[in-house]
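Remarks on the structure that follows.
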Amino acid sequence: MAFYQQLPEDLFAKFETSKNGLTQSEAQERLKKFGPNALQEKKKKPAWVLFLAQFKDFMILILAAAAVISGIVGDLTDTIIILVILVLNAVLGFVQEYRAEKAMDSLKKLTETQTKVFRDGQLITVPSRDLVPGDVVTLEAGNMVPADLRLIDTFSLKIDESSLTGESVPIDKQNGVLEGENLNPGDQLNMAFKGTLVTNGRANGLVVATGMSTEIGKIASLLQENPPVTPLQQRMQRFGKVISVIILGICAVLFASGIARGEEILPVLLLSVSLAVAAIPEALPALITIALSLGAGRLAKKKALVRKLPAVESLGSVTYICTDKTGTLTQNKMTVTETEAFHQAPISSEFSNLQLGLGLCHDVHLDKKGRPEGESTEVALVERILQELTSTQYQNLAENYPRVGEVPFDSSRKRMSTFHQVGNQFLMLCKGAPEAISSILKDKDQARQLHQSAEDWANRGERVLAFAGKILSNLPPEADWLGLESDLDFYGKVGMIDPPREEVKLAISECKTAGIHPVMITGDHPATARAIAEAVGIWKKGDLVLTGAELGNLSDEAFSQQVEQVTVYARVAPEQKLRIVQALQQKGHFAAMTGDGVNDAPSLKAANIGVAMGIAGTDVSKEAAHLILLDDNFSTIVRAVKEGRRIYDNIVKFVKYIMTCNGAEIWTIGLAPFLGFPNPLLPIHILWINLVTDGLPALALASERAEKDAMKRPPRPPKQSLFANGVGYHIIWVGMLMAGVTLFTQYWAIKNGWHWQTMVFSVLAFSQLGHVLAVRSDRTFLFQQGFLSNKPLLLAVGATFMLQLGVIYLPFMNPIFRTEPLDLEELLFSGAIALVVFHAVEVEKWVRSRFFPVKKT
Ligand code: ATP
């Protein structure tokens, strides 16, 4: 019999458990037996496969083949050294890829969900992967279902099963036994399945299957998604194809002209193939992935957890940040600052009516130490009443006026009511937003006054709550309670503040200099919202404040005309956030949007960067988000944007660095015959420079700090090419310059009877070292930036320099690399002429700053 056909009691017996769950020790036993409640990941490639994969590159295979053939017919030294270089290159690639994979793995661990489960009869929170069959768990709106469950108790439970069944409308769940054989998961209404999302209500459920035995586990092989390709990678792949064809063309021409000049086939072939291997930027897409993954690791250290890799590169393009107020901009620590009791006929001789409201109309509990626990607004109210009353008085209050019913708070009504027994009568208490209370007061003058005075308080940034109530002679059935919210007497109001987080003001001003518009979206009163927005610098005179109601009345077109002037949205329903995102996107903006609730999921998905809260956020919102803030703090978003800009800048830098060198080699080898020079570089020289000496400095460029102006320039257009802003020109002209310097060296050295080939080889390698130091910044000179400010790079440059000297001066290297030890004059000449490139790029910075200043925001 299937689980859905059985009674919970029978299943308890079958799983040897009960409503109160398992004991901790039994759960541990079962965890050993059943394994963790996790979907098996795609089998990890073992390290050696990852290593071998570095060779699967088509051009590398051709090169290896060419080397082997030339070894068989001619010289074995070449073959061996080429193979050694290929191995070195593979080691570098492997280490990088391995590091990147590790970084992504540790990010995954951070996103693991938690579940509330009964163990030893107590409700505790455990990582979802520790659940075992027989556990009894609770679900509430916003949770992700942690395992396959037979539902025991359900209260208005709705589950979004689209991840499993494709059905996008949430399903109403129940707990009764179902008939019928072989029902589809979608029809098993008394079951909840791992990976689906609770959108409404709550429930308890018995875990009947975990990990790969769950429904989703059975089809998990279908779900193993490949990591999404980022826009940058896509562009790079397309570009890579085009450039490969061009380079192959050039190499073919070189080969043909070599043959035409009557050179031997094999050496020319090896040279052409080596050049192709060196110059084709095949590794770039992979390098970009690695840079992004490592960037994601760094972002996590800054408390921004990346869920979707493309977010790392697109962070730098954000033009709008739409943020919640409470908890994100503010500390979510409310304190009552003023109370105003309205003197109505007192109900109690001991307490004012407002005190009754404050003391009774809430869901706060006192913990063991007598500290109030609950929702922050209500905690503030109870903290206040505990200042006015002794704790015995406070307890008396609850005992003398026992609660017999309630209409819970919801954010569309913006109020809540409770019912209390007083002798043989009933006291109804109601609290809520001022406008939500004034609309249900008996006395219309009082209503008007409340409205007015609340506005004054709100203008000071206070959240105002109003209290009202009435005496009922009898309590009607529950269905009619909502209808009792009318004709109330006014009891008073309280104002409370939730101070902004200290660091937020700075973050907002940083946003603005970075060309990013911060916008507040809140359920709070427009005046309160505006005052706080003004205090943190989001709102200034002239900006619009739009309420949810006003937004509802605007046509899409009218809204689109205003959307860029609005900096505060107040009294907004979560569903309306989607409209805000869409309107901004239509205007061509790249919007980040924060959210924490179930209803925020659509807007988080639609936003260019959906940002969920790590602490207060629901699983549902985290699932939908691209980025999770581990500290729920607005300034973390800004820090992430800065880091995103830095990561992107550094990617541009290493692309610039690598491609310039490739260009230089092509120019050098391509032009030499036309100048009547002998072939300037041997295949091993090219491979050595590209695959070894270029590699270390390129990696170290990723450690470059953010540019000084990283947060002072406008966001990068998301579709902007990697070669924009002069990068393309740089690659071409610096490549040509480097080739010019190299060819001049060849000419001069031949003329002087120097060891010209070793010099040509060294000048090219040294030029690249100078180039990498200059390319560290787009506009800041090296001396301003500080020679020592990127230590890994300095180390890489130092190591590479030593390697090059080794190749020149170690006797056993000479026959391998066909080098000869240079005398001092030759070495100094090579070093000095290589510095030309460094200085030229520094001058380029000056020209750029002088004639092409960055648009300041
Ligand atoms: P934000 O969007 O900034 O986080 P919020 O989430 O607090 O604001 P809601 O929770 O939707 O906004 O609350 C809307 C309004 O309802 C509040 O401004 C307040 O006036 C009122 N309110 C909030 N909590 C309660 C409560 N427990 N009882 C009665 N009224 C409340």
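In case you wondered, yes, glycine gets a Cβ from its N, Cα and C as well.
Owing to the predicted nature of the structure, the values given are computational and were not obtained by experimental measurement.
These come from TrEMBL:
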DOMAIN    2-75  domain 'Cation-transporting P-type ATPase N-terminal'
TRANSMEM  48-73  transmembrane segment
TRANSMEM  79-98  transmembrane segment
TRANSMEM  242-260  transmembrane segment
TRANSMEM  266-294  transmembrane segment
TRANSMEM  654-675  transmembrane segment
TRANSMEM  681-702  transmembrane segment
TRANSMEM  722-748  transmembrane segment
TRANSMEM  754-773  transmembrane segment
TRANSMEM  793-812  transmembrane segment
TRANSMEM  827-847  transmembrane segment
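Of the Cβ pairs linking the transmembrane segment (722-748) with the transmembrane segment (654-675) and spaced 6 or more residues apart, 3 or more are under 8 Å, so the two regions touch. The transmembrane segment (48-73) makes no contact with the transmembrane segment (793-812), as judged by fewer than three Cβ pairs under 8 Å among residues 6 or more apart in sequence.
Taking residue pairs at least 6 apart in sequence, the transmembrane segment (681-702) and the transmembrane segment (79-98) share three or more C-beta contacts under 8 angstroms.
Relative to the transmembrane segment (242-260), the listed stretch 266-294 leads the set 266-294, 654-675, 681-702, 793-812 in CB pairs under 8 A. Secondary structure by DSSP for the domain 'Cation-transporting P-type ATPase N-terminal' (2-75): 44 helix, 1 strand, 29 coil.
Regional average pLDDT for the domain 'Cation-transporting P-type ATPase N-terminal' (2-75) in the model is 83. Counting Cβ pairs under 8 Å to the transmembrane segment (754-773), the stretch among 266-294, 654-675, 681-702, 793-812 with the most such contacts is 681-702.
Residues 688, 692-693, 696-697, 699-701, 703-704, 758, 762, 765-766, 769, 772-773, 776, 787, 819-822 of the same chain lie 6+ residues outside the transmembrane segment (793-812) yet bring a C-beta within less than 8 angstroms of a C-beta in it. Same-chain residues lying 6+ beyond the ends of the transmembrane segment (266-294) with a Cβ under 8 Å from its Cβ atoms: 57, 59-60, 62-63, 66-67, 69-70, 73-74, 78, 82, 93, 96-97, 99-101, 103-104, 227, 230, 232-233, 236-237, 240, 243-244, 247-248, 250-252, 254-255, 258-259, 309, 312-313, 647, 650-651, 654-655, 658-659, 662-663, 665-666, 669, 679, 682-684, 686-687, 689-691, 698, 702.
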